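S.K.: One structure coming up, written as structure tokens, with questions to follow.
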Protein chains: 6
Amino acid sequence: MFFRQRHMAYNAKPDKPDPIFAKMLQEPLGGQWGEISVMMTYLFQGWNSRGPQKYRDMLLDIGTEEIGHVEMLATMIARLLETSPVEAQEDAARNSLVGAVMGGSRIEDVLVAGMNPQHLIVGGLGARPSDSMGNPWTSAYTISSGNLLADFRFNVTAESQGRLQVARLYNMTDDRGVKDMLSFLLARDTMHQNQWLAAIQELEEDGLETTPVPSNFPQDLERTEVSYQFLNHSEGTESAQGRWAKGQAPDGKGQFTYVEHPPAYTEDEGLLNPVDPRTYGTPPKPVPPSAS
Amino acid sequence: MFFRQRHMAYNAKPDKPDPIFAKMLQEPLGGQWGEISVMMTYLFQGWNSRGPQKYRDMLLDIGTEEIGHVEMLATMIARLLETSPVEAQEDAARNSLVGAVMGGSRIEDVLVAGMNPQHLIVGGLGARPSDSMGNPWTSAYTISSGNLLADFRFNVTAESQGRLQVARLYNMTDDRGVKDMLSFLLARDTMHQNQWLAAIQELEEDGLETTPVPSNFPQDLERTEVSYQFLNHSEGTESAQGRWAKGQAPDGKGQFTYVEHPPAYTEDEGLLNPVDPRTYGTPPKPVPPSAS
Amino acid sequence: MFFRQRHMAYNAKPDKPDPIFAKMLQEPLGGQWGEISVMMTYLFQGWNSRGPQKYRDMLLDIGTEEIGHVEMLATMIARLLETSPVEAQEDAARNSLVGAVMGGSRIEDVLVAGMNPQHLIVGGLGARPSDSMGNPWTSAYTISSGNLLADFRFNVTAESQGRLQVARLYNMTDDRGVKDMLSFLLARDTMHQNQWLAAIQELEEDGLETTPVPSNFPQDLERTEVSYQFLNHSEGTESAQGRWAKGQAPDGKGQFTYVEHPPAYTEDEGLLNPVDPRTYGTPPKPVPPSAS
Amino acid sequence: MFFRQRHMAYNAKPDKPDPIFAKMLQEPLGGQWGEISVMMTYLFQGWNSRGPQKYRDMLLDIGTEEIGHVEMLATMIARLLETSPVEAQEDAARNSLVGAVMGGSRIEDVLVAGMNPQHLIVGGLGARPSDSMGNPWTSAYTISSGNLLADFRFNVTAESQGRLQVARLYNMTDDRGVKDMLSFLLARDTMHQNQWLAAIQELEEDGLETTPVPSNFPQDLERTEVSYQFLNHSEGTESAQGRWAKGQAPDGKGQFTYVEHPPAYTEDEGLLNPVDPRTYGTPPKPVPPSAS
Amino acid sequence: MFFRQRHMAYNAKPDKPDPIFAKMLQEPLGGQWGEISVMMTYLFQGWNSRGPQKYRDMLLDIGTEEIGHVEMLATMIARLLETSPVEAQEDAARNSLVGAVMGGSRIEDVLVAGMNPQHLIVGGLGARPSDSMGNPWTSAYTISSGNLLADFRFNVTAESQGRLQVARLYNMTDDRGVKDMLSFLLARDTMHQNQWLAAIQELEEDGLETTPVPSNFPQDLERTEVSYQFLNHSEGTESAQGRWAKGQAPDGKGQFTYVEHPPAYTEDEGLLNPVDPRTYGTPPKPVPPSAS
Amino acid sequence: MFFRQRHMAYNAKPDKPDPIFAKMLQEPLGGQWGEISVMMTYLFQGWNSRGPQKYRDMLLDIGTEEIGHVEMLATMIARLLETSPVEAQEDAARNSLVGAVMGGSRIEDVLVAGMNPQHLIVGGLGARPSDSMGNPWTSAYTISSGNLLADFRFNVTAESQGRLQVARLYNMTDDRGVKDMLSFLLARDTMHQNQWLAAIQELEEDGLETTPVPSNFPQDLERTEVSYQFLNHSEGTESAQGRWAKGQAPDGKGQFTYVEHPPAYTEDEGLLNPVDPRTYGTPPKPVPPSAS
């Protein structure tokens, strides 16, 4: 059960409207690596968690924090899309909405050409739950497998991709209000990258899971001769230079080897049998018409 | 430029057809964490790579290997869907295709109820590029950011989720041929988890990227007072027990602190200004009809 | 069974081409609240209807009318994308298609930057069955539940959102031909909003359905103590000022009450049991490796 | 900014596991009219609201309440998918996971055929953010237009469709724990249908919006002669019997008329001009090859 | 502008309900190659057509016919999902809806496990605009390029895939009413395959378009030395046996040749330049932190 | 099993960066008719093939070739998005990333407005697996039915639509490097159109499949009186002028006839029975509340 506090987590106030940047800022709101994705991912991982309660509580803490980040970004975008009532009043004589929205400057055509038309037509100058190209957010971005190590590895990825995108956006604007909010998100992403890395260490120290995930699967059931082989599948051997090609593997259970000319481990060419003619697939030889 | 060898990478031959397991096996083929996803992800990361050539070559090696894994799974599914020509012949008198497909056993109704109808109607008893619930594979599963540490963290996740799913499927069948193929995929996933962990170490040792990603962004531009704070957002303090709540952070650049009652860092309540009435959003007070 | 008449329902002829407005006009054609959505929704509601025939006939009337609206919008967009043969002839010497398409004016770069590239590359300067951001129309926008009151409420929404979008677009162009067509769509949306409101009254007067939908479900089976409570879940009590917080409810079956501090109605914290280790979820405590 | 309380809003505890009902219960969680949809819709409407604060606060109240409903349904589904640790222990000797999951009963094949395979393979016996057919939830289900009357009409629809689905599910199970939770959701849907109907009355009484939406658009700009006409587009005249075909329209601004043989209001047949041959569309007559 | 006739195009009445076949029959209704796809494709091709009017009229004829096929399939599915009122009456004492829907037979569990749950929960026992796995129909299935030869080739494909699917379904049921309707669809698909093949001949004879599409593009601008080469990219030379590897090409403009060992036509290895460090992509060498 | 060669298939080097053309070039990479689509389609058709081996080998040859085309386009796009390191250096003083990316020219605002924001924010100036409007590629574009004639008809369509799009793009740029690469793709599309047409001839000559697909279905089971009728469904009889309306059909098995006024072949109006009230659909008459 959840409650909402009146104040936002942090400032979300731009110096002035900027509909093109509003379009771009949809990416960290409703994009694959945006705030809706981490909000939903952490909440579902928490609700589905069957492990020790400290992990569950931690997941629900951070999932709840992320709802507030969604709130901040939605608010910022709605503000980047608004003009002051005064400006709107002054534009009352113009016969084009476009001018009013954009403030009537001479570059309005560029702005209209570059803004997200759904911001006006569909959302009425409000934030949209979509990415910067207008793709709706999809819950396929929500990852919850029941295995915390697999999921925490996803989480550290999400915070890395997310911080990367915010850092790129930070360089694309001079608006101090926008930069101020992004500086907060960057800091929280720093925390969360560290947090998930720490949580991975904790899981391993608690003996709950190690590499390879799932560690509980008996490794002798896998085809062990290829468990630590690097298989070269392209011309050139630059890939032999990395530590993935020699020395002890990170799981401490095997030694990497480099296979320059990987063999096929089978004589099987993948040829299929013909099937029932009543499925009307093309057979190896002509067949008479099927009966019903 | 690519070439195809006649033999597959490994065996992909079941003991006998099993259309319900064929449905489930679509997950590691065309699901979010299936072989198409890693094939496309590694190839795009390689083609887009602007870093040292050893990483690029390595990405293209493994991306190319994964095309062969897609091939094995597609072949296995097509075989799980087929009956022998002899059986089909014997069933010729029956007036229902279903019987022929399923071998005419008494549990055919269960099988028809449980199989993926598109395996027959759309694919003609061939593999589909979709997951176990029939969702088409989407390139949203392809991750390539230009930042190798962000991407390698994704890659180790993909191999973890993938191996987890294969391990679950291993326990859901008694077919020795299927188990044989899965044992090969499990081993390669072991390798690939280790490989990406090793690649992450290499990236850090090469000085190209560290935590927090992107490490090249000047950290003093972020709101540093919240960069290492754990913010408790839910009742209960179990989350205070983990190492994400105290001690040095994994990046070595800060100390975790636990904030039991996180403040709002702003007085801003997120209220918006009214906008131009010609957008027909609901205003704070009634307005007269707009002119055109 | 359907037939098509030679004339369109109304004019769909712009004064001149405008590829950027063509992009925007995709929203009322192929967007969530566009004409394809209402066409498909009303036809499916009609075909699936099991109620009195007057509703079924009415649904199929309006569904059929909407096919003609799709036709008008598609035609308008195709015309907004075309240049006259004369202009094309004159441009023959230019070596860029772009110039010809746009009429060779000096703002062509803005136009190319702002137009929908699929209008040219994919559709050959024809209308697309997509929205203004290029998302394909999806039948998830088609609502048909079998319950006419639930569906008519959707229909009045669709006509409201649709008229709202058309009104916004009306203000974004000075083209008299476009405005003429939009004035027809606005009028039909006025009719259709009224129509569905009238149909809701009729349903209620016919005794077929009332609030709460489905009214045929025995209300004493629901947890009646919370059936008319407004539960305050956020700081501030502005929400207590509305009529949803006190007085008789619109269904005439209860009195609204305002609960400033809503309780949890359970002691349940949502903790889950551990499960079979062979699913490889993270357990509360370490487990030995699973057997196959 | 949001906080989470330890207890759930209501009980979410089934009498016993039931994986097929777990599949069905995904619909009110992650389906088009499920709890994620209303949670996201109300929150976005609230954050984007520019109207009087009582509406904004009310939207955020109910949006926050719905997060808790998502929590209840996710928890219920995770529990419907679990077996007790004891049963899992007893099944340890079996070599099929399926047996363990299902409790080893003789109808296990039916259950495996009918359950959602992603519940096991992808989610590790946890809830999924998808509907009952496995379609991921999409933010296209989130409606926020900036116009509160258009949106409240959507909201009353959502609560109607949602209550309808829950009522259907109530009849498909005998599990008292499941029925108990559904009885709570049914009651809240009763409240919320009433609430949105009351909010619509309030909006109209506040003079902020009336039919037709948007009421601020000058109605004399629409093609008024068709603003109150019912246009018969199908054989049969049953549709003439409803109140949408005669009498005063609900907006009080016009009289319905029934047009049995609706005319085309244009001579326009929708024929298009030929275009620039360099777009390679099929022209009315052969053209010579284009130059580059 | 369109009108609807009272009678359907053909019978759509099953002998008896069959919810599992109803699920399968969604494929020719709302699947990729179903009736909605051809309806929308032909209508859009017609509306967008800029070629001779006989093609436009023909496209709109057949597009309009297909609306009637959608109607037939929707009606059939709704009937496959219904029980007689008498049965429903008799089942009134049962406390499970499931029994009533299915007729109370002992195989009800199989049926519930195998049916599409959305047919009941979402659609109220009506047809859905989705395929047999529940994927919503998407307008990505609608093809309209402006080039009639490219599009007619698509159309003959659509009628081929469609007839193939209907033929497979014909063999999966013994219901005479269903088979009767399918026999009509099969015949129309026969007509339509022939029709599009005839239309392709007509287009070529009219001199409007020939192979290779678009024939109006000056072929000397392409890299002509590879215009008729078969490039062998896989082990084995079985592909040398077909007529695609030798003799005159179907367009009459070149001779096929078989290249057993295709060369790379470039020395380019696809290596990329490093980019601006402010995009935070991984560079070839470490860079100092970026400034803002 | 696949291997990668160091050199690309052909040159993919533009004269200079052009981010707006990079956006457009996503269409032939990740669009519906782009290289990913044909790569996946041919590989799946090959792996699923149960016909003569020459077809299977040929499919896998061309499928493998297409992987190389994906590589070329991805490389070209990544290069269209890059600036030289020197330019980046020079721009170091500017405080906007945008300037650096675009080379600091005065039209930068146009370019930023027109480019794909995900190229920078998400992909770090690398190619995306999406189309020109940012829609992710979906495997719904992958066609494999098991029937080679149905599929080869699709393949010739794909090469026609693909070559059409590339020809349009060829006219939208003056960059010689881009035009050079496109000239190669145009030539290969010429080959592939011819190849599939030749393969269709081969299939028919081999006696494996003819019109109507599937030819193995006994044609006397279809409703033969409508198998060769052209049914006029729209006003006007221009459609009577084509060869689809008279003369022998292309399959040589029937004579086309033109039906100016097509009858309904049934008296059935599609009316449905009422259903079980416990599904809460709207019934023909009021019903008492249901029991649970």
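Cβ atoms here come from the backbone N, Cα and C positions, even for glycine.
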S.K.: TrEMBL records C:Glu35, C:His69, C:His192 as Mn(2+) 1-binding residues. Which of C:Glu159, C:Glu222, C:Glu225, C:Glu235 is assigned to the same site?
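M.R.: Only hit among C:Glu159, C:Glu222, C:Glu225, C:Glu235 in TrEMBL's Mn(2+) 1 site, alongside C:Glu35, C:His69, C:His192: C:Glu159.
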S.K.: Return the member of C:Glu35, C:Glu66, C:His69, C:Glu159, C:His192 nearest to C:Gly236 (Ca(2+) binding site) in space, with distance defined Cα to Cα and candidates limited to these binding-site residues.
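M.R.: Spatially nearest to C:Gly236 (Ca(2+) binding site) by Cα position is C:Glu159.
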S.K.: Mind pulling out which binding-site residues among C:Glu35, C:Glu66, C:His69, C:His192 sit under 8 Å from chain D, Cβ to Cβ?
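M.R.: Near chain D - Cβ to Cβ under 8 Å - we find none.
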S.K.: Would you kindly give the Cα-Cα distance separating C:His192 (Mn(2+) 1 binding site) and C:Ser234 (Ca(2+) binding site), rounded to the nearest Å?
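M.R.: C:Ser234 (Ca(2+) binding site) and C:His192 (Mn(2+) 1 binding site) have their Cα atoms 37 Å apart.
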S.K.: Out of the binding-site residues C:Asp57, C:Glu66, C:Asn232, give me the one sitting nearest to C:Glu159 (Mn(2+) 1 binding site) by CA distance.
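M.R.: Of the binding-site residues C:Asp57, C:Glu66, C:Asn232, C:Glu66 has its Cα closest to that of C:Glu159 (Mn(2+) 1 binding site).
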S.K.: For the Mn(2+) 1 site given as C:Glu35, C:His69, C:Glu159, C:His192, which other residues of the same chain have their Cβ within 8 Å of the site's Cβ centre?
M.R.: C:Val38, C:Ile62, C:Glu65, C:Glu66, C:Ala158, C:Gly162, C:Leu185, C:Arg188, C:Asp189
S.K.: Near chain A, which of the binding-site residues C:His192, C:Ser234, C:Gly236 can you find when the cut-off is a Cβ distance under 8 Å?
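M.R.: Qualifying residues, whose Cβ lies under 8 Å from chain A: C:Ser234, C:Gly236.
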S.K.: Please state whether DSSP places C:Ser234 (Ca(2+) binding site) in a helix, a strand or coil.
M.R.: strand
S.K.: Do you know which of the binding-site residues C:Glu35, C:Asp57, C:Asp61, C:Glu66 has the most other C-beta atoms within 10 angstroms of its C-beta?
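M.R.: That would be C:Asp61, with the highest Cβ count within 10 Å.
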S.K.: Do any residues at least six apart in sequence from C:His69 (Mn(2+) 1 binding site), in the same chain, have a Cβ closer than 8 Å to its Cβ, and if so which, in order?
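M.R.: Spatial neighbours, sequence-distant, of C:His69 (Mn(2+) 1 binding site): C:Ala9, C:Glu35, C:Val38, C:Met39, C:Leu185, C:Arg188.
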S.K.: Cα-Cα, whole number of Å: C:His192 (Mn(2+) 1 binding site) versus C:Glu66 (Mn(2+) 2 binding site)?
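M.R.: Distance between the two Cα atoms comes out at 11 Å.
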S.K.: Among all protein chains shown, how many Cβ atoms are found within 10 Å of the Cβ of C:His192 (Mn(2+) 1 binding site), not counting that one?
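M.R.: 25, counting other Cβ atoms within 10 Å of C:His192 (Mn(2+) 1 binding site).
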S.K.: In sequence order, which same-chain residues at least six apart have a C-beta under 8 angstroms from C:Asn232 (Ca(2+) binding site)?
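M.R.: For C:Asn232 (Ca(2+) binding site), the qualifying residues are C:Ser239, C:Ala240, C:Tyr258, C:Val259, C:Glu260, C:His261, C:Pro262.
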S.K.: For C:Gly236 (Ca(2+) binding site), just count the other CB atoms lying within 10 A of its CB, please.
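M.R.: Excluding its own Cβ, C:Gly236 (Ca(2+) binding site) sees 17 Cβ atoms within 10 Å.
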S.K.: Of C:Glu159, C:Ser234, the binding-site residues given in the record, which has the fewest other CB atoms within 10 A of its CB?
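M.R.: Checked C:Glu159, C:Ser234; of these binding-site residues, fewest Cβ neighbours within 10 Å: C:Ser234.
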